[in-house]
Amino acid sequence: MTRYVFITGGVVSSLGKGIASASLAAILEARGLKVTLLKLDPYINVDPGTMSPFQHGEVFVTEDGAETDLDLGHYERFVRIKTGRRNNFTTGQIYENVIRKERRGDYLGGTVQVIPHITDEIKRSIRAGAEGADIALVEIGGTVGDIESLPFLEAIRQMGVEMGHENALFIHLTLVPYIAAAGEIKTKPTQHSVKELRSIGIQPDVLLCRANQPLPEGERRKIALFTNVEERAVISAVDVDNIYKIPLWLHSQKLDEIVLRKLHIDAPPADLSDWKHVVNAMEFPEAEVTVGMVGKYVDLTESYKSLNEALTHAGIHTGTKVTIRYLDSEKLETEGAGCLEDLDAILVPGGFGERGVEGKIAAVRYARENGIPYLGICLGMQVAVIEFARHVAGLEGAHSTEFRPNTPHPVIALITEWKDREGRIEQRSADSDLGGTMRLGGQVCQLTPGTLAHQCYGSDHITERHRHRYEFNNGYLETLTAAGLVISGRSEDGSLVEVVELKDHPWFLGCQFHPEFTSTPRDGHPLFSGFIRAARAQHEKTQTKSD
């Protein structure tokens, strides 16, 4: 029987429920338990696929093609699981399912209400996502007290009652601020947050108290007294300089022991040697490189969360400290490429819309002409093709039909037909809805032997995740390859170009897929490791010249 750990948050948002949940799951996995994680989002959008990155941050794409919350990226990086559409659902999805059932007549003419129909659908979705796990950690998005979260909180309250204390446990993450002017830690916000939670019928079993320093014993006792939580279950969740230290910290606070004792589970001791190795590799690098990330969402780096982490993972696996310099592609359009001069490598990530595209193309040109290692992902591959078409193949005005529908040379165009994971034909047009209509999820790509991509992966076939509507236009295949563009990866049926390279360049690669979604701190990713090794070689070459 699956046991459940429900994680809620209080006082303020962005306290790190996702990382806390993933870290606890990592410890439980290290104790030999089969775990899974779910994220419940209170917003009415069906999924975050059409939400602005400035509002929501990154959209994480799962293997089965779901567009989900970025916390699922944390789950996959901390725990050796592949999440899917059952691991993340929203208020919009829940209401959509209930309304669909009502239209079918499933409720036999009854009045459809939040309780029991919405809460029952939430409980059904939680149980479906948790199926087969020893322990399911269920994170409730938002903050206790938000009106949007109430149906979710009511649903997990009911589950706690239905399953009993030995099968369900509640963890509440809260803020314990330090007031510098008074020189004191304040526990009142935590007390009020727990009071709010208890007012809707949930008594937390464990408190994770987010603070910039460990809780003094006096404050711990005070919190325990006023929240009705046993003192040893009031855990200090201190700020750390490296999120991959958090499993080690929470284990040192005996969080996993408290959880397993309350759930009546016997498990072997945790083997956290992998996490110790990760932390050690980050703290003692052999070299340092600077990678310029040229994008349009650089004011909110959470927009590139998986990409940031993938570069860190590559640093772990190559003994390199990777410093990311975020560069606004719009500024490159007006200020020129001077800001690129002292970089060891350039990366152009994915994105949508015309804003900043010419700046990205300028960054590609600089990398190509100056022999700087370049990695282009999704749109980053497309702008590499556009730049090559314009300045090497001589196709003046070459562009993507996403930005210039009437371009004389549409080297990038809308995909109108492709095969999905099950081999079914998917068709789209320019008039299709924006939500959920892209080429999404894991797709098999065949690599050409003797190419850089094949060298990095060491395999003829790979599976990577996609999220795009536009693709390389095969009508320009002969022209561009004749000019020197290398096509090193194609879709399984050979119809779509997935990877491009330049043969007379130290390291230049563009991929239509998103390799960052499958990178983890313990395993890394071959493409990013190859990119960072190339950045190190570039750094050493630059240092030699300056000496």
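Residue 1 is the first one shown; counting continues down the chain.
Heads up, the Cβ atoms here are built off N, Cα and C, so glycines get one too.
Quick look at what Swiss-Prot annotates:
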type     : residues                                                                              : note
REGION   : 1-265                                                                                 : region 'Amidoligase domain'
BINDING  : Ser13, Lys186, Thr187, Lys188, Pro189, Thr190, Gln191, Lys222                         : UTP binding site
BINDING  : Ser13, Asp146, Ile147, Glu148, Lys186, Thr187, Lys188, Pro189, Thr190, Gln191, Lys222 : CTP binding site
BINDING  : Ser14, Leu15, Gly16, Lys17, Gly18, Ile19, Asp71                                       : ATP binding site
BINDING  : Asp71, Glu139                                                                         : Mg(2+) binding site
DOMAIN   : 290-541                                                                               : domain 'Glutamine amidotransferase type-1'
BINDING  : Gly351, Leu379, Gly380, Met381, Gln382, Glu402, Arg469                                : L-glutamine binding site
ACT_SITE : Cys378                                                                                : active site, nucleophile
ACT_SITE : His514                                                                                : active site
ACT_SITE : Glu516                                                                                : active site
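Neighbours of Lys222 (UTP binding site), defined as other CB atoms within 10 A of its CB across all chains, total 19.
Fewest Cβ neighbours within 10 Å among the recorded positions Glu139, Glu402, Glu516: that distinction goes to Glu402. Taken residue by residue with DSSP, Leu15 (ATP binding site) is part of neither helix nor strand, so it is coil. The number of other Cβ atoms within 10 Å of the Cβ belonging to Thr187 (UTP binding site), over all protein chains shown, comes to 22. Taken together, the residues of the domain 'Glutamine amidotransferase type-1' (290-541) have an average pLDDT of 92.
Listed in sequence order, Lys39, Asp69, Leu70, Asp71, His74, Tyr75, Glu139 are the same-chain residues at least 6 apart in sequence whose CB falls under 8 Å from the CB of Gly18 (ATP binding site).
If you take the C-beta of Gln191 (UTP binding site) and look for same-chain residues 6 or more apart in sequence within under 8 angstroms, you find Ile223, Phe226, Thr227. For Gly380 (L-glutamine binding site), the same-chain residues 6+ apart in sequence whose C-beta sits under 8 angstroms from its C-beta are Leu347, Val348, Pro349, Gly350, Lys360, Gly510. A simple way to gauge crowding: the CB of Thr190 (UTP binding site) has 26 other CB atoms within 10 angstroms, across all the protein chains here. Among the binding-site residues Ser13, Gln382, the residue whose Cβ has the fewest other Cβ atoms within 10 Å is Ser13. The number of other Cβ atoms within 10 Å of the Cβ belonging to the residue listed as 'active site, nucleophile', over all protein chains shown, comes to 21.
Within 10 Å of the C-beta atom of Gly351 (L-glutamine binding site) sit 22 other C-beta atoms, taking all shown protein chains into account.
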